[in-house]
Amino acid sequence: MTNTPKTPAETETLLSEVQGWKHRHVLDLDNFSREELDMVMQTAGVMLDILSRPVKKVPALKGKTIATLFYEPSTRTRSSFELAAKSLSADVLNLNVSQSSVSKGESLLDTLDTLEALGADMVVMRHPLSGAPYLAANHCRANIINAGDGWHAHPSQALLDIFTILRHKPALEGLKITLIGDIKHSRVAHSNIWGLSKMGAEITLCAPYTLLPEGLNTDSQIFPEVTVKTDIKQAVSGADVVMGLRLQRERQQSGLLPGIREYAQYFQLNAEILKLAKPDALVMHPGPVNEDIELSQSVVHGEQSVINEQVKNGVAIRMALFYLCSGSKEI
């Protein structure tokens with residue numbers, strides 16, 4: 001379980017124990033150590049305490065400017081990052097891409113130059129092209145936080161998923177975690193595989209063959225302790241955590257699925273399938289949920305669902321990332 005401080009003194013003690021952070025940018029979790037993941041979890045516990053106070057704000061990043069640069073639509077992630085920045089007293093520069101010079105053909109690097117000229121200390125970036133945040137990180141003095149790039153990565157989502165699990169389970173070591181859905185097009189799945197495997201979880205991926213990354217089959221192992229199943233009953237059996245993934249219809253080429261109804265028939269997590277998991281299994285989803293496609297309504301709104309908790313915890317995780325990347329020692 002993650003620690004949440006009870007007093008200001010405990011807050012200072014917990015943060016003083018967070019040492020050795022080396023990341024200027026957060027691009028994915030493949031280059032994070034287990035110890036660094038633990039640092040994020042511990043810091044997020046402090047931030048969650050701040051968010052539970054009557055005044056949900058501290059001056060840790062007062063005087064800093066955080067820009068949000070989203071080339072794709074977003075409600076949860078963008079709002080979560082903005083609230084996280086404001087909770088740390090940072091100024092937020094929200095660039096509306098559709099109404100900016102980007103719509104006139106301005107390049108990504110030119111846009112980043114403009115944001116830095118305006119004083120941005122950090123840039124939260126979502127882009128449809130995999131690798132775009134890496135290009136930005138090599139170009140900018142500002143810290144870059146990847147809020148999702150193409151099919152590649154969504155590190156803050158994976159971190160909040162880990163944090164949410166640890167609010168309910170004592171550790172991830174040995175936990176059986178099943179991810180069901182569009183693995184091929186899911187940046188959430190890719191970052192979760194890295195993060196969860198580093199924390200010692202045993203991961204099962206479940207999807208139709210056409211929605212698995214190319215080159216995989218049921219005998220493949222692409223990460224330590226990761227296996228692949230195309231039968232949802234086998235995949236869910238004995239699981240401690242079951243995570244549905246959104247069917248990425250906007251990213252798919254025609255012909256990957258015979259139809260949405262057929263997908264739901266064979267890969268929807270419903271109450272009957274969920275009974276195969278452990279009685280205290282958690283149900284998760286990065287959102288937005290296509291109800292009665294990936295998850296049945298009864299599962300989405302059932303007692304085992306922690307989907308809304310994931311949203312709440314996302315703010316704490318993003319506060320932690322801002323705090324750690326800024327190098328701040330104040331809270």
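Including glycine, each Cβ sits where the backbone N, Cα and C put it.
On a predicted model such as this, the values are computed, not experimentally measured, just so you know.
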Recorded carbamoyl phosphate site member, picked from R53, R126, R261, that accompanies R76, T77, H154, Q157, G287, P288 in Swiss-Prot: R126
Cβ-centroid neighbours of carbamoyl phosphate site R76, T77, R126, H154, Q157, G287, P288, 8 Å, sequence order: S74, S80, A147, G148, V188, P286
Using Cα positions only, nearest of the binding-site residues to R187 (L-aspartate binding site) (R126, H154, Q157, G287, P288): H154
R246 (L-aspartate binding site) and R76 (carbamoyl phosphate binding site), distance between Cα atoms, whole Å: 14
Cβ-based isolation winner (fewest other Cβ atoms within 10 Å) among the binding-site residues R76, H154: R76
R246 (L-aspartate binding site) versus Q157 (carbamoyl phosphate binding site) - Cα distance in angstrom: 13
